[in-house]
Amino acid sequence: MKRIFFTFFCCVFLLLSLNRSVSASTPAPEVTAEGAVLMDGVTGKLIYEKNPDKRLSPASTTKIMTTVIVLENCNLNDKVTVGKNPPNTDGSAVGIKTDEVFTVKDLLGGMLLESGNDCAEALAEHVAGSISDFAKLMNAKALELGCTNTNFVNPSGLYDENHYTTARDLALIMREAIKNPAFLEIEKLPFYQLPPSNLDPNPKWSNNKNQLMLKNSHYYYPYAIAGKTGYTIKARHSYTAAALKDNQILISAMINGEGKEFFFPETKNLLEYGFANFQVLKLYSKGQEVIDLTLDKNKIPLLASEDFYALIKKDESNLNVSSAVCKLEAKDLSKTSFGKGERLIDSKIYLKDNLIGSLTLMSGASYEVPPVKSASNYIKNTIPLWAVITGTLVIISLFLWFLIRKAIRK
């Protein structure tokens, strides 16, 4: 009987162990590129990383940033007259000519799909007047996006030792680009036809090189929404892509890798790994009450200044909105008046003791400092300390002088 019970117990234990292993997160797939990341598009958090901050040459994935700058400064129907330099640029080209006139959209189609360096330079000169000035715009935008290991010297990605980025930074740039519907509209096209121009009666064709988005490709991935390949002899291959599945956005970036037989399937595997094992949990909506602040027995509701999300593993089913904890920064607001909706104080948001991120809170009600406190606070904030000390010493001196003079008269 004991032997039967022992055997039964072992079988149950084995089944439970197997069940735990199936529900656990699967390991990340192999990536051969020197630098690679998988980023959640909502939170910007990394799901996978391999040398995420190593500076590498991005080749033509540079054109994602070029697109960001162009769309910030131009309308799609703006006319661009091609200068003398773009037709003579090295590398891939659509074949535009000096003094030809195209729309911004035409040149974006030639740059993003065919990876035309000539189109990239024509757009750069149109926006900034020169390649060097356009690079300044690119670098300023990179810093704005939090790309701390990026420096661009041209809009096309032609190799230069001072032209570099990282897998993390490249993903951040793609994250910014996909916010623009015009970018996504061009990205989904299998080809783009540049129409006959003022100098050429024949159209020019630009074919999409992003095979994750081509339905007749062996590498087709139905959830892909954008992507850009890159290659130079010195930089080797690079590739960045974005995908949308079940309202979740993921971004992959790979730099200094092998050819398409590696980065296309590896990107698909990485994206599927992310979708299968991670999810985004919305903790607060903009304007939602997060916590109360008590000032002079008054409860002031503090509201989220923006939507706030957490990236969690799908097997962390015990985590939910009620698990969130808000901790306010140390800041004395008792002597400060403020209005409803004013951005007031920063906070740290935690899930089960794990820091998720920072969230600025705004006031859900107005607050007026009581008159006594307000007056004392005004004096404290407007009269310098040295003036207070000097005034006090003068008063004491006058008082002593008065006492001494009175004593002498006696």
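Just so you know, glycine gets a Cβ as well, placed from its N, Cα and C.
All TrEMBL annotations are machine predictions without curation.
So that you can see what the record holds, here are the features copied from TrEMBL:
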type: SIGNAL; residues: 1-24; note: signal peptide
type: DOMAIN; residues: 26-257; note: domain 'Peptidase S11 D-alanyl-D-alanine carboxypeptidase A N-terminal'
type: ACT_SITE; residues: SER60; note: active site, acyl-ester intermediate
type: ACT_SITE; residues: LYS63; note: active site, proton acceptor
type: BINDING; residues: LYS228; note: substrate binding site
type: DOMAIN; residues: 278-366; note: domain 'Peptidase S11 D-Ala-D-Ala carboxypeptidase A C-terminal'
type: TRANSMEM; residues: 383-404; note: transmembrane segment
| query | How many other Cβ atoms are found within 10 Å of the Cβ atom of LYS228 (substrate binding site), counting all protein chains shown? | reply | 30
| query | Along the domain 'Peptidase S11 D-alanyl-D-alanine carboxypeptidase A N-terminal' (26-257), what average pLDDT does this model show? | reply | 97
| For the residue listed as 'active site, proton acceptor': DSSP state (helix, strand, coil) | helix
| remark: Reduced to three DSSP states, the domain 'Peptidase S11 D-Ala-D-Ala carboxypeptidase A C-terminal' (278-366) has 3 helix, 52 strand, 34 coil
